[in-house]
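Okay, so here's the structure we're looking at.
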Amino acid sequence: MAAGRLRILFLLLLSLHLGLGWVLDLQEAPAADELSSGKMAETGRTWKPHQGNNNVRLPRALPGLCRLWSLTLPVAELGLGYASEEKIIFRYCAGSCPQEVRTQHSLVLARLRGQGRAHGRPCCQPTSYADVTFLDDHHHWQQLPQLSAAACGCGG
């Protein structure tokens, strides 16, 4: 436990020293497996870029491209009717999709959009899913198949 806290403190100090301006957020952030320690997900702690206004000039960030994000939620907040005090990590996809995706489908779709015959833009969506398992209030294991996104990509 102390080693985990020390690692978090080290990462925080290093990021501030490098001018990255990252802070710890307990609600919404990029998936924890993007960090060096996968144990962040177990505690519900994830990282996201600092958005406050302090005197540190932040480096210009890349546009928010399609990627995996995570939220730590109580099972009851899923709205699926399960009674449980457990918290789960719900992963989802969000971000923008570049127009340069080069598949036959995307090339034809881009041409049709240019002619006004097709609508919409490529969207960020899960390319694979993961099952989520939790213990309900009656001490029974519940498995929710394909509840959480496992990988993201641009489609459409």
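Glycine too: its Cβ is placed from the backbone N, Cα and C atoms.
Swiss-Prot lists CYS66-CYS124 (among others) with the feature disulfide bond. Counting only same-chain residues at least 6 apart in sequence, those with a Cβ under 8 Å from the Cβ of CYS124 (disulfide bond) are CYS66, ARG67, CYS93, ALA94, GLY95, SER96, CYS97, CYS152, GLY153, CYS154. The DSSP secondary structure for CYS124 (disulfide bond) is strand.
According to Swiss-Prot, the feature disulfide bond maps to CYS93-CYS152 (among others).
Here Swiss-Prot flags CYS97-CYS154 (among others) as disulfide bond, drawing on similarity to another entry.
According to Swiss-Prot, the feature signal peptide maps to 1-21, an assignment based on sequence analysis.
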C-beta crowding around CYS66 (disulfide bond), within 10 angstroms: 19
